[in-house]
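Sequence annotations record features per position, and here Swiss-Prot assigns domain 'BAR' to 7-262 based on similarity to another entry. According to Swiss-Prot, the site 'Arginine finger' annotation covers 412, on the basis of sequence analysis. According to Swiss-Prot, the compositional bias 'Basic and acidic residues' annotation covers 608-617. The annotation compositional bias 'Low complexity' is assigned in Swiss-Prot to 618-637, 673-683, 691-712. Among the features that Swiss-Prot reports, compositional bias 'Polar residues' is placed at 638-650, 662-671. Summarising the annotation, Swiss-Prot assigns domain 'SH3' to 713-771.
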């Protein structure tokens, strides 16, 4: 198991788990430092003691063989595996030469000792200095915080305000030092992958120069040496890119820390001071607390961030009520009382600030709720996978393949931003019919067209390969064998929504054509993976862990380009049955409430007129809406999509919680005809390949009419599983346990329509269950 990533957002929480993860990194650095010292010592002995050369080589080889690399993340790339295995390979080479006596290597000190000393002094020692600064700032901040918490509320407001300002300044400084320390630790851990191994490789190369006896051994070693050199260079290149991304994320975190906090399973978490009664008075003990609104469970762990602080035993409280503590009833500020179900006494807690207290009371449904004003950070792009979107991509591809397929640095060279935006505005103009096959004029440069294509893909509401399957694609790229990777990615591609898969097919066919001309344009499959990986598989939140997975995103794109014909022309075997999938989804959906990001976006404004209700047709919530203008085509395409959905792997972690993102444009076979080869277009004459079925989460009886072949839903009752506050006039606000009348699908995917207290409105589908 590798080292856990250190998230910048954890610096602001400063939780016990964060300190433990940080300690594991520090321990690893100490081990590395100690090992480098031993390695240098052994190297000097090797140079100085010609008579004891055999013994020194055995010891040196033994040291190399015992050390194991630990990389950040839960999986390693082929390059990292190669680098991690390199020490064992070096030890094997030295073991074969241990009986041979040779002359001392004159340049061993320059190629081996000096770089390792430089790395240890400049990198590991620098990390230790930053650690000292971090520990010192922790002491200062915690001390000042304790002093601040002991201020009496009876003091003058001016003094209290001044103390608050000083504490805020100290807190910000502490956060900055913490962020810098985390960045430095990450940098040293990454640097050791190449600055540590590269001197060893150079040392061995020097040995081969002087080893006439080891000529054959050196020839056998040359293949691995080449592979390792490439892996080191690839790792170095990735480090440069990763470092800039991490530094950029750190800057964003400094500017707006609250907007980049990591998603948490807890409703609220942070530090609270808990009043504990003693024989002689009371004391306030610092605890790290977490609270889950659904289970009303609060955990408290005594912990102090000061150096040497130990994590206490976890205590669980089943919440009964939360009441704000009156200011005049206690000397401390920011206090509130928590009453537990199984506790005879009331817990008095002190928050770190007034705002913090309001957040805790809101989370625990106290008497002073503060509605969360945080907005969904996911920006909504104007690009869609509709007729216009397919037309734009096809026109760009046609222009590129016609005029610029052999241009060097294709897709690498970026166009002028203003020109790119201008071209996109022209192509996305709704006044221009998407069916018009007008070519992009030759006045537009190829780099502008390629940048426009990439920009349009980035403007989509979600990545082309979807947030839902993003982790699954990354997991597939981490498979050990290439065959397993191809098979898993093949299955995932056929689980994508229909339009996403069609657009991906169109794009990958083009990229394969670009790669076929790599001798002229220098864009190999690997280069194209670097360009399109972060775009097609961009993560839902920007974290250090996501940045570390960029290398696997590139691998996914490389595999699809190299095997695009097999990926899209054949259907993988998926033996999962419908009933298994239904049970798996129901269990996973019932396990926890949907998060904010899982709540569907409102597209239509609901009209409550009886005329519209009579005309409304049911829309299956597990598939895209299909136009009924062409009955055979719509049934065929819907059945194909549902057949793929029914064969999903129920064990996939991405399906544990049904996530409803912004819906794609309505799927109309007439709109997408001509976008792709005829093999991808649904046949208007072929009969349906599967029966019409209801969504697993909301099975409803259907009946057919003479005017429409789509099923008509019968209104039913439904019960709310979780509370929800309306964000639009067309939505309903409700609490857990509320029963709705006349519930049926709405025109918006992911939403139901129901009646509560005489008012009809929209209800998130994954918030309710049918009775």
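Heads up, the Cβ atoms here are built off N, Cα and C, so glycines get one too.
The Cβ of residue 412 (site 'Arginine finger') lies under 8 Å from the Cβ of 523, 527, 531, each of these being in the same chain and 6 or more residues away along the sequence. The secondary structure of residue 412 (site 'Arginine finger'), as reduced to three states from DSSP, is coil rather than helix or strand. Looking only at the domain 'SH3' (713-771), the predicted model's pLDDT averages out at 84.
Across the range of the domain 'SH3' (713-771), the DSSP-based residue counts are 3 helix, 30 strand, 26 coil.
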